[in-house]
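As structure tokens, the structure follows; a few thoughts come after it.
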Amino acid sequence: MSEEAAYQEDTAVQNTPADALSPVESDSNSALSTPSNKAERDDMKDFDENHEESNNYVEIPKKPASAYVTVSICCLMVAFGGFVFGWDTGTISGFVAQTDFIRRFGMKHHDGTYYLSKVRTGLIVSIFNIGCAIGGIILAKLGDMYGRKMGLIVVVVIYIIGIIIQIASINKWYQYFIGRIISGLGVGGIAVLSPMLISEVSPKHIRGTLVSCYQLMITLGIFLGYCTNYGTKTYTNSVQWRVPLGLGFAWALFMIGGMTFVPESPRYLVEVGKIEEAKRSIALSNKVSADDPAVMAEVEVVQATVEAEKLAGNASWGEIFSTKTKVFQRLIMGAMIQSLQQLTGDNYFFYYGTTVFTAVGLEDSFETSIVLGIVNFASTFVGIFLVERYGRRRCLLWGAASMTACMVVFASVGVTRLWPNGKKNGSSKGAGNCMIVFTCFYLFCFATTWAPIPFVVNSETFPLRVKSKCMAIAQACNWIWGFLIGFFTPFISGAIDFYYGYVFMGCLVFSYFYVFFFVPETKGLTLEEVNTLWEEGVLPWKSPSWVPPNKRGTDYNADDLMHDDQPFYKKMFGKK
């Protein structure tokens, strides 16, 4: 027996335990799944053996990890769009502290020194988010018009144009400001199209992992951006900021070159009638022959979905408000998840990191950034594993709970020990050390859960017909909150100091309850199956037990997953 055949046989008979967050999700598992689905959705324990013979659906078999090297490399190249965004984020945080940048784009004191006001700093840094929000909504439709690949190439070119304008800026801050907006337009398009393309070419059982690579690339870009700023800080001329910008230009060109080797989305190819190309794309992603019956079966499922959407006519913006197919409910969920990602307070930690680290003797803000960047980047590797091992819901719930605990400790120690009674003397080294530890704990929890998973959830939630529109709006909510937090944090934190942490603590508590009651589990499902799950109205806290229609046994009770008359506290902690 070959290694691959043995692997598939072991997978078919493997007993995977149900790792549940609460008794509700554990006990709601029922005898519903077939052997193949059981391996994919380990929240379910039993299955109907008699159903195996009647199930005619041909499914692409799961293969050893080595079989997915090609598709993984392709998805990493698409995810490199996250690196472009992260590079910009990591470098701009250092630019506003560099002497040449301040001299060129700041204002002059009476004594001849230069400074950047809070308003100008906030605008230069945060206007990028507004550009991203607009770009995501306007440019995301390029993926529907010309394909995901070509759409990505176009938005990267727009990003490059913005970089050129910034590099060419001499001493007019508004020229640099305009360049930031244009670069933001490009990154906004990247943030929608990159996760979208990855989700549509990935095999379903590693889709969450591969989409999470987008966030991994963001953290890598941020970290290397910090390192580059550290390397150029000793210069006294425009090398300080023009070299990092020039490297950003080079990274964008690298991505454009790499995109030529990436397969197009099979769902887009089916939509435009290129069936043979769609079969080759699916075959490449799953390491099988294009003539494999399972490939044709998947193409037929996509075709059926596309044909149903075509019968309904062209998708309009008004259609996203439809409640009949649960599109509006999905949009609200996607927008909330993206908004709550910002409201978890990660940017608050990066803003206060310099202050806290200074209190214990680390006075170099560039060194502080590198420390935080290392923790953020290294932790994301753990998140890539967790998203497929434990699922989307469970990771988000764990993340919200653990970050709440970290935020409570961080804010409380800051208020009562580091700056007692609002006195900013930073006299307690023990308090500072404690806050550093919990800053790192917080970043670990964020990077493994709430950093990557909102991108995963949004990339697989919406039907193909309105996917680009819904993802653009959801992502725009993220950018807008990013702008608001980035712009107003210096003013708010200056007024209430570490009490600001309690605001984010409240947002994290709300996030926990929101995820439990409104975010369904989609691990191990195809994109078409996710669509069916939503249309059937399955309750999110019962969704781990849901089984696709073509895999159900004779005793499957769909109604049981759509109704729950228990009080909310029993839904969360009680047994059925």
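Each residue, glycine too, has its Cβ placed from N, Cα and C.
What you are looking at is a predicted structure, and each value in this text was computed from that prediction instead of being measured.
Taken verbatim from Swiss-Prot:
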REGION    1-56  region 'Disordered'
COMPBIAS  38-54  compositional bias 'Basic and acidic residues'
TRANSMEM  67-87  transmembrane segment
TRANSMEM  123-143  transmembrane segment
TRANSMEM  150-170  transmembrane segment
TRANSMEM  181-201  transmembrane segment
TRANSMEM  208-228  transmembrane segment
TRANSMEM  243-263  transmembrane segment
TRANSMEM  347-363  transmembrane segment
TRANSMEM  370-387  transmembrane segment
TRANSMEM  395-415  transmembrane segment
CARBOHYD  Asn425  N-linked glycosylation site
TRANSMEM  438-458  transmembrane segment
TRANSMEM  476-496  transmembrane segment
TRANSMEM  498-518  transmembrane segment
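Taking pairs at least six residues apart, the transmembrane segment (498-518) and the transmembrane segment (395-415) share three or more Cβ pairs below 8 Å and count as touching. With a threshold of 8 Å between CB atoms, the same-chain residues lying at least 6 positions outside the transmembrane segment (243-263) that come near it are 74, 77-78, 80-81, 83-84, 87-88, 91, 94-95, 149, 152-153, 156-157, 159-160, 163-164, 166-167, 197, 201, 221, 225, 228-229, 232, 280-281, 284-285. Here the transmembrane segment (123-143) sits apart from the transmembrane segment (438-458); fewer than 3 CB pairs are under 8 Å, leaving out pairs fewer than 6 apart in sequence.
In this chain, the transmembrane segment (438-458) lies in contact with the transmembrane segment (208-228); the count of Cβ pairs under 8 Å, excluding pairs fewer than 6 apart in sequence, is at least 3. Counting residues 6+ beyond its ends, the transmembrane segment (370-387) has Cβ neighbours under 8 Å at 90, 208-209, 212-213, 215-216, 219-220, 222-223, 226-227, 230, 349-350, 353, 357, 362, 395, 439-440, 443-444, 446-449, 451-453, 456, 523 in the same chain.
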